[in-house]
Amino acid sequence: MNNAEVLNVALDEDSSNSNDDLNYSEYQPKNHPIKSHYDMDIENVHFLLEPTMSKKKCETEYLPGTTSFGMSVFNLSNAIVGSGILGLSYAMANTGIALFMILLVFVTVFSLYSIHLLLKTANEGGSLLYEQLGLKAFGIPGKLAASGSVTLQNIGAMSSYLYIVKYELPLVIKALMDIKESNGEWYLNGDYLVIMVSLAIILPLSLLRNLGYLGYTSGFSPLCMVFFLIVVIYKKFEIPCPLEAMNMTSNSSSHDHMAHNETDDEMCKPKYFVFNSQTVYAVPILTFSFVCHPAVLPIYQELKGRSRRRMMNVSNVSFFAMFIMYLLAALFGYLTFYSKVEPELLHTYSKVFGAGVIFVVVRLAVLMAVTLTVPIVIFPIRSSLNELFCSGKDFAWIRHILITFLILAFTNVLVIFVPTIRDIFGFIGASAAAMLVFILPSAFYIRLVKKESMKSVQKIGALLFLIGGIIVMIGSMTLIILDWIHNSTSGGN
């Protein structure tokens with residue numbers, strides 16, 4: 001098979017030709033050295049490519065996949081699940097059970113539809129790299145939009161991880177040292193602790209040029225979340241309602257609008273439809289929780305027996321599993337605390353159990369998972385910045401260290417000064433996540449899939465999806481900013 005045949009991926013979707021699904025098992029790359037600046041920096045191999053595809057890049061992109069269906073499902077599930085699960089109970093408390101389930105179904109279905117568009121665009125556009133699709137569709141602006149959205153989403157994810165460190169590590173230290181009351185000790189200050197963890201653990205790991213086996217620790221994250229889900233379900237039947245401990249904290253500004261006039265009966269009665277100033281955060285939180293699109297194409301590339309249908313089956317199984325997991329976590333967390341649930345569910349339990357052994361174990365597991373995940377998240381951010389601003393330059397340790405330090409410093413500043421994790425979920429979910437889920441896949445599809453006219457059902461559907469994504473992004477961002485302004489003028493958080 002020659003190179004022209006390899007790159008000829010713009011075929012009809014229903015064609016029986018195996019090339020339609022990027023199945024290039026016949027292509028055998030030659031084993032000889034190829035000079036490229038990507039050889040100098042391992043970070044750049046699977047990220048932003050140059051417009052002119054060299055032979056090595058062709059070989060890298062179209063090698064036959066070797067990952068099994070089950071492992072691909074695990075990898076995609078791992079890419080989906082993250083800190084967003086901790087904010088879902090808060091979203092349910094501010095939408096009601098019925099409205100939350102409706103929104104959850106819609107976000108799940110729309111996310112799967114956008115993956116369908118992305119996979120078809122990858123076939124038609126001849127690339128399995130997200131940023132490269134942006135370059136082919138809209139040139140440099142498209143590449144910048146894709147790279148910027150991925151970078152912003154990763155910064156948001158990293159911020160949420162460090163925010164968990166900021167608020168959970170002091171509780172773990174208090175429990176391990178059996179400290180009942182805090183008197184302002186520096187080692188119980190979350191701001192100091194997140195900086196120390198960043199400098200002592202995250203920075204050295206992030207400076208590695210090749211993360212190697214650290215990448216396998218990312219598989220620890222979904223296991224921690226499953227453990228967390230089991231504990232949430234179990235504790236629902238152990239915690240009484242109403243909660244006196246939670247009643248003592250009902251003057252929290254984030255819950256005043258819901259709880260200040262509630263009786264015990266009202267407080268323990270689930271609500272099915274809720275509309276308040278915090279409802280606007282529901283869609284961004286859900287969108288943030290389902291973003292996995294930058295990882296879809298690399299997983300597709302590695303899938304054994306690669307085909308669009310097989311990858312959609314992987315996506316369907318992964319999203320269904322996450323749908324069930326998210327629904328159970330949100331439902332049982334909400335039915336435990338009702339309107340008193342906080343933006344970060346795990347932190348809410350500290351108001352009831354304090355230093356309970358089981359939650360110390362949960363916190364330690366989650367802290368270990370998020371701490372080891374941050375260097376993995378920094379990896380693609382640094383690669384994108386290197387490619388955007390230092391393309392073609394040889395690797396330099398000074399630049400490598402400086403970029404890593406600036407990324408980590410910027411994220412620490414965000415974590416220290418942003419009032420709640422809700423604001424991170426909301427802003428990133430309404431901006432970068434909306435771009436990755438709604439806007440970019442549909443825009444790439446409309447631009448790169450040439451064989452379908454704009455009057456076709458597929459193109460009209462993609463156009464409506466694009467318009468809907470723009471409305472969601474602008475509407476959510478506007479309402480979130482208005483809520484911030486209202487809180488700042490009223491002395492809230």
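One is the number of the first residue shown, and numbering goes on along the chain from there.
Each residue, glycine too, has its Cβ placed from N, Cα and C.
Annotation source Swiss-Prot lists topological domain 'Cytoplasmic' at 1-72 (among others).
Annotation comment: Swiss-Prot describes 1-92 as region 'Regulates protein turnover upon amino acid deprivation'.
As annotated by Swiss-Prot, transmembrane segment applies to 73-92 (among others).
According to Swiss-Prot, the feature Na(+) binding site maps to ASN78, THR373. Under the three-state DSSP scheme, ASN78 (Na(+) binding site) falls in the helix class.
Within the topological domain 'Extracellular' (93-98), the DSSP-based counts of helix, strand and coil residues read 3 helix, 0 strand, 3 coil. Here Swiss-Prot flags 93-98 (among others) as topological domain 'Extracellular', drawing on similarity to another entry.
Only residues 6 or more beyond the boundaries of the transmembrane segment (99-119), in the same chain, are considered here, and those with a CB under 8 A from a CB of the stretch are 91-92, 133, 272-274, 282-283, 286-287, 290, 292-293, 296-297, 300, 308, 311-312, 315-316, 319, 323, 326-327, 330, 437-438, 441-442, 444-445, 462, 465. According to Swiss-Prot, the feature transmembrane segment maps to 99-119 (among others), an assignment based on similarity to another entry.
For the topological domain 'Cytoplasmic' (120-154), the number of residues in each DSSP class (helix H, G, I; strand E, B; coil) is 31 helix, 0 strand, 4 coil. What Swiss-Prot records for 120-154 (among others) is topological domain 'Cytoplasmic', and it gives similarity to another entry as the kind of evidence.
Positions annotated as transmembrane segment by Swiss-Prot: 155-173 (among others). Here the transmembrane segment (155-173) has long-range neighbours at 82-84, 86, 179, 182, 187-191, 193-194, 197-198, 288, 344, 346-347, 350, 355, 360, 363-364, 366-367, 370-371, 373-374, 377-378, 381, 407, 410-412, 414-416, 418, 421, 424-425, 427-429, 432-433, meaning same-chain residues at least 6 beyond its ends whose C-beta is under 8 angstroms from one of its own.
Summarising the annotation, Swiss-Prot assigns topological domain 'Extracellular' to 174-184 (among others) and lists sequence analysis as the type of evidence. Mapped onto DSSP helix, strand and coil, the topological domain 'Extracellular' (174-184) counts 3 helix, 0 strand, 8 coil.
Annotation comment: Swiss-Prot describes 185-205 (among others) as transmembrane segment, evidence class similarity to another entry.
For 206-213 (among others), the entry in Swiss-Prot reads topological domain 'Cytoplasmic'.
If you look up Swiss-Prot, you'll see 214-234 (among others) marked as transmembrane segment, on the strength of similarity to another entry.
Summarising the annotation, Swiss-Prot assigns topological domain 'Extracellular' to 235-279 (among others) and lists similarity to another entry as the type of evidence.
Among the features that Swiss-Prot reports, disulfide bond is placed at CYS241-CYS268, with the record citing sequence analysis. CYS241 (disulfide bond) falls within neither a helix nor a strand when secondary structure is assigned with DSSP, and so counts as coil.
Sequence annotations record features per position, and here Swiss-Prot assigns N-linked glycosylation site to ASN247 (among others).
Residues or ranges marked as N-linked glycosylation site in Swiss-Prot: ASN251 (among others).
For the topological domain 'Extracellular' (93-98), the residues of the chain that approach it from at least six positions outside its boundaries are 258, 270-274, 276, 278-279, 281-282, 331, 334, 337-339, 341, judged by C-beta separation under 8 angstroms. For the transmembrane segment (280-300), the partner stretch with the highest count of Cβ pairs under 8 angstroms, out of 73-92, 185-205, 317-337, 401-421, 460-482, is 73-92. Within the same chain, residues 162, 165-167, 169-170, 173-174, 179, 211, 214, 371-372, 374-375, 378, 404-405, 408, 412, 415-416 sit at least 6 positions outside the transmembrane segment (185-205) and bring their C-beta atoms closer than 8 Å to a C-beta of that stretch. The stretch from 73-92, 317-337, 401-421, 424-444 that makes the most Cβ contacts under 8 Å with the transmembrane segment (460-482) is 424-444. Away from its own ends, the transmembrane segment (424-444) comes close to residues 84, 87, 110-111, 114-115, 117-118, 121, 125, 130, 133-134, 137-138, 142, 145-146, 149-150, 152-153, 155-157, 159-160, 163, 280-281, 283-291, 293-294, 343, 414, 418, 462-463, 465-466, 468-470, 472-473, 476-477, 480 of its chain (Cβ-Cβ under 8 Å, at least six residues beyond either end).
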